[in-house]
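To start, the structure under review is shown below, and the notes come after it.
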Amino acid sequence: MYIQMTDGVPPPPEQSSLDHRIDELERQKEIDDWLPITSSRNAKWWYSTFHNVTAMVGAGVLGLPFFMAQLGWGPGIAVLILSWIITLYTLWQMVEMHEMVPGKRFDRYHELGQFAFGERLGLYIIVPQQIIVEVGVCIVYMVTGGQSLKKFHEIACQDCSPIRLSFFIMIFASSHFVLSHLPNFNSISGVSLVAAVMSLSYSTIAWTATAAKGVQEDVQYGYKSGTTASTVLSFFTGLGGIAFAYAGHNVVLEIQATIPSTPSNPSKGPMWRGVVVAYVVVALCYFPVALVGYGVFGNAVLDNVLMSLETPVWAIATANLFVVMHVIGSYQIFAMPVFDMVETFLVKKLNFKPSTVLRFIVRNVYVALTMFIGIMIPFFGGLLAFFGGFAFAPTSYFLPCIMWLLIYKPKRFSLSWWTNWVCIVLGVVLMILSSIGGLRQIIIQSKDYSFFS
């Protein structure tokens with residue numbers, strides 16, 4: 001903006017400062033209109049439903065019977081229900097805190113963290129954990145997509161020569177070299193809808209096909225491990241496996257940012273409606289698969305319940321194909337906040353001009369990087385079970401409670417105060433125990449790990 005001068009006399013400093021401020025606001029608006037999280041705010045409430053379902057229901061749902069076997073009936077059902085309740089509560093907290101400051105929206109998890117913990121500390125606490133979860137999940141989904149494609153190929157073409165997993169990961173990644181150029185959350189709503197439907201579909205196939213098989217002869221529900229130490233460590237692994245199945249909080253504020261908001265109709269109303277429906281869908285996916293799978297196969301169930309089913313072949317093949325379609329959408333949901341972080345850093349800190357070329361380079365590099373790591377370390381999911389424990393538990397179970405206590409300061413020993421502290425303690429215990437179990441799994445499985453398999 002040019003500063004006008006009258007009779008050779010510059011405007012007063014106050015006017016120059018105002019003009020500079022207006023320029024900054026205009027530039028900020030231009031950037032916000034380009035960034036993926038804030039560029040579109042016209043989402044409907046049901047968008048949040050399938051975004052949350054896609055983010056939360058991963059292919060790990062097929063491993064729930066295996067984790068139930070490590071916990072047993074009583075503890076398994078308790079963890080399944082308690083995790084559902086706690087994460088629904090912490091998700092409600094985040095939805096409420098999105099617009100707690102009148103006239104301001106915390107569109108990103110780290111923005112809420114900065115408000116609660118301070119500008120610098122909030123970044124240091126939130127961003128590393130978000131990156132671990134979001135980038136880690138994207139890598140795992142690269143491998144999962146490739147593995148499911150490989151399994152589908154093996155079933156559909158049993159006489160074909162075996163093909164390395166690496167090539168199936170490349171095939172899976174090719175879809176993301178295209179889809180990753182969709183600019184924002186609203187533009188991937190169709191992909192997310194398909195993914196949400198697929199998650200419900202393959203979960204339904206898994207538990208109905210298992211139920212049709214009937215309870216196996218000589219089924220046993222006791223702990224499978226031989227020693228007490230092994231049983232306890234397996235218990236820790238199962239605890240983390242079930243609890244982290246609900247860890248979708250890393251993208252909830254970014255999803256809510258796409259919903260329009262006015263003082264009379266804030267975004268928390270439609271967002272919460274979508275979250276409740278999403279959690280009903282999640283329960284319809286998780287509970288039948290976990291309970292029916294464990295009930296039919298007992299402690300002999302494999303870590304993917306589909307692998308415990310030998311027939312019908314068509315159902316197993318179809319379910320694997322549905323898994324591929326689901327993790328395509330899930331990858332995009334978790335990649336979008338990463339795109340936003342990187343693109344924000346480039347245009348705000350390094351002063352790159354917002355452009356299609358910049359976006360093209362950033363997103364292709366990210367997809368290529370996650371693909372390469374997935375090919376190089378196809379056992380990355382096992383590593384994430386350990387390292388992810390330090391990020392999944394905080395971001396989903398107790399960081400929202402800590403921020404709630406810091407911001408709202410509920411009266412000591414009130415119901416809100418007690419509820420949040422109970423969630424914090426349980427979350428910290430979960431983080432420690434599940435990480436111990438994850439480390440044990442790495443040690444056990446390390447002999448089977450191979451790079452570039």
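Glycine too: its Cβ is placed from the backbone N, Cα and C atoms.
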Swiss-Prot annotation: Arg273 and Arg412 on one membrane face: yes
Chain residues in Cβ proximity to the transmembrane segment (45-65) (below 8 Å; excluding those fewer than six residues from its ends, i.e. six or more beyond): 80, 137, 141, 144, 148, 185-186, 189, 192-193, 195-197, 199-200, 202-203, 206, 241-242, 244-248, 250-252, 255-256, 258-259, 269-271, 273-275, 277-279, 281-282, 285-286, 289-290, 292-294, 297, 301, 303-306, 308, 323, 326-327, 329-330, 333-334
Spatial neighbours of the transmembrane segment (360-382) far in sequence, C-beta under 8 Å, 6+ residues away: 135-136, 138-140, 142-144, 146-147, 165-166, 169-170, 173, 176-177, 180-181, 335, 338-339, 342-343, 346, 438, 441-442, 445, 448-453
Intrachain residues whose Cβ lies under 8 Å of the transmembrane segment (413-433), provided they are six or more past its termini: 82, 86, 89-90, 236, 239-240, 243, 389-390, 393-394, 396-398, 401-402, 404-405
Interface-richest range of 123-143, 232-252, 277-297, 319-339, 386-408 toward the transmembrane segment (188-208), CB pairs under 8 Å: 319-339
Top partner of the transmembrane segment (66-86) among 123-143, 165-185, 232-252, 277-297, 319-339 - counted as Cβ pairs under 8 Å: 232-252
Model confidence over the topological domain 'Extracellular' (298-318), averaged pLDDT: 86
Long-range Cβ neighbours of the topological domain 'Cytoplasmic' (253-276) (under 8 Å; 6 or more residues past either end): 37-38, 40-49, 51-52, 55, 88, 91-92, 94-96, 98-99, 102, 105-109, 111-112, 184-186, 336-337, 340
